[in-house]
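**Student:** Just dropping this structure here.
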Amino acid sequence: MSRAGRQLALLLCSCCVAVAIPGGLAEEGCPAEPHQASRYVAAVYEHQSFLSPDPLALTSREQALELMHRNLDVYEQQVTTAARKGAQIIVFPEDGIHGFNFTRTSIYPFLDFMPSPRSVRWNPCLEPHRFNDTEVLQRLSCMAMKGEMFLVANLGTKQPCHSSDPGCPSDGRYQFNTNVVFSSNGTLVDRYRKHNLYFEAAFDTPLEVDHTVFDTPFAGKFGVFTCFDILFFDPAVRLLQDSEVKHVVYPTAWMNQLPLLAAIQIQRGFAIAFVINLLAANIHHPSLGMTGSGIHTPLKSFWHHSMDSPEGHLIIAEVARNPPGLISAGNATGKTDPFHRKFLQLLAGDPYSEKDAQDVHCDAAPKSTTNASPTFNSEMMYDNFTLVPVWGRDGHVHVCAHGLCCHLLYQRPTVSQELYALGVFDGLHTVHGTYYVQVCALVKCGGLGFDTCGQEITEAMGMFEFHLWGNFSTSYIFPMLLTSGMMLETPDQLGWESDQYFLKKRGLSSGLVTAALYGRLYERD
């Protein structure tokens with residue numbers, strides 16, 4: 001069984017947000033995890049990149065290099081800062097050097113030639129004239145060597161091909177969205193060519209999936225993938241079937257989409273589900289909805305999300321070489337907790353528990369002509385969700401669609417003048433990508449009308465203590481907890497209980513925006 005599907009767990013730590021300090025550096029805003037000998041220092045940089053004023057226009061290699069060197073100058077400054085803080089690895093975002101929205105032709109001057117690191121051992125900084133059109137690789141190599149750290153960056157690359165190659169494009173070359181990895185001495189260690197392209201006409205999909213893993217002296221094996229890849233089995237999940245891969249470097253250019261797929265939501269959920277450290281570097285263009293980076297462990301996150309700041313942001317954190325595992329759900333069921341005991345009784349089909357749970361206090365809730373909450377449909381994430389309103393101070397509600405039934409057992413210290421709803425979706429998502437999902441989600445609606453449920457919101461006042469669960473038919477389930485002001489929260493407990501996957505949370509730090517269990521059925525894509 002995958003690590004995502006193992007029995008889960010009581011999470012003992014809270015999330016932490018990276019905070020800015022003078023000089024542009026960001027450090028964790030709460031105490032570090034207990035010190036262990038086997039730890040390393042990681043850095044990710046969210047980059048406000050310099051972009052081509054007209055990415056569709058044809059330009060020269062010299063003009064392209066002028067733009068890219070401006071971005072590389074910023075990278076070099078961040079490597080210097082990270083080195084002073086003891087960073088052993090740094091990750092930069094997707095598209096951070098060259099930008100985006102090119103055509104296949106207009107991006108050509110921005111591409112470096114890319115030899116295969118598996119067949120050619122090369123240090124671009126020390127051997128700059130070995131291959132033509134490698135100026136970007138040379139600078140990145142020199143940064144890694146000067147900073148004495150592993151460096152991961154994303155750039156466009158080209159690879160000539162012959163007409164005898166049945167996959168060779170008509171212009172005689174492959175163009176790839178490529179991550180490169182340099183060791184601390186500047187050697188090109190490996191590359192990853194993006195497999196799941198997201199409307200990227202400038203690039204080709206590799207004929208075979210790269211399953212890129214590189215080894216480090218300070219933390220063992222790291223996997224590599226890019227942006228949209230995180231939603232698919234290949235290469236992301238297949239990489240993690242290697243039990244020795246406990247860390248992932250993840251350049252991304254992610255456009256946030258609430259309520260379920262903000263960058264930090266999926267990053268955090270992925271780290272928890274697979275019990276790994278995820279080093280995620282996003283591009284920073286708030287006007288395009290692009291922000292959200294972090295160093296995520298199974299128990300804690302150091303992250304940055306800002307729609308206001310025009311500046312890039314460096315995050316540095318010390319994390320464990322062996323990410324702390326999750327405590328067995330069987331050892332942490334909290335049977336002495338009356339609220340959790342009621343949840344277990346509901347799973348067991350205790351009719352008295354069901355009666356008690358549905359005894360909803362409706363003093364501040366809309367009146368209904370029936371005892372059951374009305375179901376309704378609303379668009380969320382371009383999908384047709386079936387939902388029920390969550391009214392009153394406490395209760396148990398459930399909603400089903402196509403065999404997936406989602407349940408919510410909840411208590412509220414006070415009832416805010418906001419509408420919340422429990423939603424379910426079990427089907428093929430077909431907008432901006434095609435993939436099969438099973439989702440149970442408690443969301444704050446954009447207004448008081450049912451048709452506002454699923455809208456993008458970031459602020460909320462509603463406080464909850466709850467169990468959220470469903471009869472998922474996949475073991476790949478990503479837990480998501482987001483509160484007011486784009487703050488990440490950690491579940492108190494989550495796991496399998498009586499063939500139901502559940503998430504438990506008490507003591508939110510601020511109003512709930514989204515609590516979700518986001519399941520992927522890769523085989524049904």
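Glycine is no exception: its Cβ is also placed from the backbone N, Cα and C atoms.
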**Student:** Select, from ASN185, ASN471, the one residue given the annotation N-linked glycosylation site by Swiss-Prot.
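**Tutor:** Comparing ASN185, ASN471 with the record, Swiss-Prot tags ASN185 as N-linked glycosylation site.
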**Student:** Where does Swiss-Prot put N-linked glycosylation site, among ASN132, ASN371?
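**Tutor:** Out of ASN132, ASN371, Swiss-Prot attaches the N-linked glycosylation site annotation to ASN132.
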**Student:** In Swiss-Prot, which of these is labelled N-linked glycosylation site: ASN331, ASN384?
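**Tutor:** The residue tagged N-linked glycosylation site by Swiss-Prot is ASN384.
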**Student:** Have a look around CYS227 (active site, nucleophile) and count the other CB atoms within 10 A of its CB, chains all included.
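**Tutor:** Counting Cβ neighbours of CYS227 (active site, nucleophile) within 10 Å gives 26.
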**Student:** Measure from the Cα of GLU94 (active site, proton acceptor) to the Cα of every one of the recorded positions ASN132, CYS227, ASN384, then give the nearest.
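**Tutor:** Of all the candidates listed, CYS227 is nearest in space.
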**Student:** Write down the Cα-Cα distance for ASN132 (N-linked glycosylation site) and ASN185 (N-linked glycosylation site), rounded and given in Å.
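**Tutor:** About 21 Å separates the two Cα atoms.
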**Student:** Within 10 Å of the Cβ of ASN185 (N-linked glycosylation site), how many other Cβ atoms can be counted across all chains shown?
**Tutor:** 14
**Student:** For the glycosylation sites ASN132, ASN384, which one has its C-beta crowded by the most other C-beta atoms within 10 angstroms?
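**Tutor:** Top count of Cβ atoms within 10 Å goes to ASN384.
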